[in-house]
C-alpha cells in the first residue's frame, strides 16, 4: 500500500506499508535501487502521491515489482540499509495520500438504497425509478476530507425537533457510512468520455472511506437537491492506497443488472471484487466491538461503471480525484453499512457487549472501518479508517 508519511526530522514523502513498517521510497531511490527504471528520485520526495500516480500504470507496475522483490529478500538486499529504509510504523506521522481536487459520492449500494428508501419514504417504492438505470451520485466537498485518525467534531445545523418545528443545534443523529474510495490515476480531456471497457485504466487504487453523516440535518434539507450540511462537514479517507492491480485475484461477477443498462454502461467483464468490509465501534473504556460485516460484491454498480457514467457527458477527471461508492450494505441486519440501518433509524437500538446501546454516535465513540480479502492463497488488507467523535464546541 502506498501512502505519505514523515518521521523524526524527515519531511513528508512516499512510503510503502508492509505489516508494521513503512519502506521509505525516497531513500530507496537515492540509494540506487530504482536506478535502472529511469526515475527521478524527487518524485518520491513529494507530500502527495499525485506526481507518482501521474507517471502511469506501466511505471507503477515496474516500481511495485521492484518493491516486492526488495521486500521478499530484504535480509539480503537491504541488509546494510535496513534501518535507513524500513521505518517502524509507530515512529511515523501519516497524511492524506493525495491532493484531492474533486470528490464525488455515488449511491451504488443497492441494499443501502432500499433501506434508506423504506425509512425516508415509507409509503413509496424503496428505489426511485432511475436507480437501476444509472449510477446515482452527487458532488461532495473535497476540502473536508481528512486522513484516518483525525477527530471528527459533531456538526451543527437546522433540523426538525420533536414537535416537527425547525430548530438549530448539534446533530442528534451522527452516523457513519462504510464505503470504498476510488483514487483516480489518469485524466481524461474535457469533452471526452471514458468508455466502460477502458474505465479501470483510470483508477490508480482504492481505499476505505467513511462518509460521516448527520441524519437529522440531512433528512430536513435533502429535498429537492440532495444532502448538503448533513454531509459536507467531514469524510475520512485511509492513509494507504491499494494499487488497483492488487485487486485482480478478488475479481468476481456482480449482481445481475435488470433491466440491462444502456450501452455506455454495458461490460462483459466481471467488475466486482470479493472484499470483506467491517465496522468496529469502541465506546468508553471497552475494547472495540464489530457491529457489521459486509462485502464489496454487494455493490450494484461496478467501479468501471462509476467512472464511465461520471465522464459520459464529457466531464473531465483529474489525477487524485476521489470517487466514493456510497454505503455498502448486505441483506441482513448485521451486514448493514450505517447506524441508520443498524438501528433502523433509532427504532431498534444496537445492543453492545456491556448491555448499553446505540442508535447514533455519541461523543467519544470511535469508529474503525476495516477491509480484507482472502482467496486461493492471495491475501489483501486495506488500510483502516479511524475517527473519534468530538463534542461540538
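Including glycine, each Cβ sits where the backbone N, Cα and C put it.
Unlike curated entries, TrEMBL annotations are predicted automatically.
If you look up TrEMBL, you'll see 2-97 marked as domain 'Fumarylacetoacetase N-terminal'.
Under the heading domain 'Fumarylacetoacetase-like C-terminal', TrEMBL lists 103-371.
Look at TrEMBL and you will find 105, 177, 179, 211 tagged as Ca(2+) binding site. Under the three-state DSSP scheme, residue 105 (Ca(2+) binding site) falls in the strand class. When other Cβ atoms within 10 Å of the Cβ of residue 105 (Ca(2+) binding site) are tallied across all protein chains shown, the result is 26.
Taken from TrEMBL, the feature substrate binding site applies to 107, 121, 218, 222, 327. Within its own chain, residue 327 (substrate binding site) has 109, 112, 177, 178, 179, 211, 337, 338 as residues 6 or more apart in sequence whose C-beta sits under 8 angstroms from its own.
Classification of residue 112 (active site, proton acceptor) by DSSP places it within a helix. Taken from TrEMBL, the feature active site, proton acceptor applies to 112.
Neighbour density for residue 211 (Ca(2+) binding site): within 10 A of its CB lie 25 other CB atoms from the protein chains shown. Secondary structure from DSSP puts residue 211 (Ca(2+) binding site) in coil. Annotated Mg(2+) binding site per TrEMBL: 211, 231, 235, in sequence order.
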Neighbours of 211, 231, 235 excl. site residues, C-beta within 8 Å of centre, Mg(2+): 105, 140, 141, 177, 210, 212, 213, 232, 234, 324
C-alpha spacing of residue 235 (Mg(2+) binding site) relative to residue 218 (substrate binding site), in angstrom: 15
Least surrounded among the binding-site residues, given as 107, 222, when other CB atoms within 10 Å are counted: 222
Beyond the site residues 105, 177, 179, 211: chain residues whose C-beta lies within 8 Å of the centroid, for Ca(2+): 178, 209, 210, 213, 235, 324, 325, 326, 327
For substrate: widest Cα to Cα gap among 107, 121, 218, 222, 327 in Å: 18
